[in-house]
Amino acid sequence: MTSKTIFAQSSAKGKAGVAVFRISGSLSLLIVERLCGKFNIVPRKVYYRTIRCYATSQVIDKALIVYFKGEQSFTGEDVVEIHTHGSVAVAKMLTRSILECDGIRLAEPGEFAKRAFLNGKMDLTMAEGLVDLIESETLMQHKQAIRQMEGELEKLYSHWRGMLIKILSFIEGYIDFPDEEIPQSVLREAKSIINNLTREISNHLGDTRKGEVLRHGIVLAITGETNTGKSSLLNYLTMREAAIVSDIPGTTRDVIEAHLDIGGYPIIVRDTAGIRESDDPIEQEGIKRSLVAFKNSDIRILMIDATNINSVNQTIAHLLNDVYTIIVINKIDLVNYKYDSSILPCDKPIVAVSLLKQVGLDRLMSEIVSYAEKIADPGNVPAITRERYRNSLNKALELLQLVNLENDLVLAAEDLRMAIRYLEHITGKIKIDDILAEIFASFCIGK
């Protein structure tokens, strides 16, 4: 527990219908008394009161006030929420009036959540799930964040930790009494648990980073020769003029990026410079960046002009076999297009469209969503959402693979202890100040 009472605006700053302010700590009720006068406040009940500046008695606003008693609050401390009108002036006056009280200060970013963690209201994975929920922009990101915030990863890692503690207790018992012979049944059970955990952690790590990709966004790059309709496709996807569309080859010279929600998945679309032979050094640099963006993307859309399909250049031809590539044949309104397997591979989705006439685009969207599901949908299994989880799990796995119960039990016990610690690093059972500071600094103020 920390003695200092903290305060912050939890809602977004600026003009709004309602603003929410949060106070956490032992002085919460005293501050309410200073603002509203003394009254019998019952936990979890809403009160409508006039709030005034304590020093001048000037009316600040009429507000709703809710009190949450320590064990039933978000932070595990006494918490008061004040709901005012969303006026900038009200926010300034209320903040100034509250901070005039001794023993209270403005909260640091993430400090409310940090207190919730320190008071045992949530573990670190749940706290980070809360961050992901706040930052989620699509349905699938929201779904993953809710699962983590409700303790899906915490339950899994705590279960693994419990199994390792069980084995460690077996081993330490025989280390303390070396004259006792370990029964074969105990050895078999311990080996079985270690083998099962090794397999489960390996499978968990072999998730092709779906949780991390979903959290950060799926990168989709659009490339192709000049004037195939790449910028027109970007404009269609964004439903605005995000890129200049022109008949002049080489109009797009740099990578243009847009963040979209497609089928509930966060898609980062990158329109790239058209690929062709050019003597212009600026355009050459744009083409170079296009190929890098294409290579580093998760989903690739290769645009081909239906009126010029027989003259696909070699650079483009090499891109046809990339994983998760969708081949889009554009301008089918200008020619009677027919698929030719001698020109295009048959193992990739080939979508014939007319961006001008808005033909074939529903199927293109379906293909994008289909690839997004393969890349970033973890299904019903818990997903690793952060690199720090992955690093700790890899280290725990390496230690489990070293455990040999047939030889040195002291060494085996130490390997198990270290594996347990790495699992505890993830959930925060072992509190490392540097890790805590980094995690909670990423929160917004007021959370």
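Each residue, glycine too, has its Cβ placed from N, Cα and C.
So that you can see what the record holds, here are the features copied from Swiss-Prot:
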BINDING   R22, E81, K121, K447  (6S)-5-formyl-5,6,7,8-tetrahydrofolate binding site
DOMAIN    217-373  domain 'TrmE-type G'
BINDING   N227, S246, I248, T251  K(+) binding site
BINDING   227-232, 246-252, 271-274  GTP binding site
BINDING   S231, T252  Mg(2+) binding site
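Mapped onto this structure are the features recorded in Swiss-Prot.
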residue : record                                              : contacts (Cβ under 8 Å, 6+ apart)
E81     : (6S)-5-formyl-5,6,7,8-tetrahydrofolate binding site : S10, V20, F21, R22, I23, I65, V66, F68
K121    : (6S)-5-formyl-5,6,7,8-tetrahydrofolate binding site : F74, T75, G76
K447    : (6S)-5-formyl-5,6,7,8-tetrahydrofolate binding site : S10, P109, G110, F112, A113, L130, I134
Task = Determine the most Cβ-crowded residue among the binding-site residues R22, K230, using a 10 Å radius around each Cβ and all protein chains in the structure.
result = K230
Integer Å distance between the CA atoms belonging to A273 (GTP binding site) and N227 (K(+) binding site) = 10
Note = CA pair A273 (GTP binding site) / S231 (Mg(2+) binding site), Å rounded to integer, equals 9
Task = Measure the Cβ-based neighbour count of N227 (K(+) binding site), defined as the other Cβ atoms within 10 Å of its Cβ.
result = 22
Ask   = Any idea what DSSP makes of E81 ((6S)-5-formyl-5,6,7,8-tetrahydrofolate binding site), helix, strand or coil?
value = strand
Key: Count of other CB atoms lying within 10 Å of the CB belonging to S231 (Mg(2+) binding site)   = 24
Ask   = Can you count the other CB atoms that lie within 10 A of the CB of A273 (GTP binding site)?
value = 27
Ask   = Which of the three DSSP states, helix, strand or coil, fits A273 (GTP binding site)?
value = coil
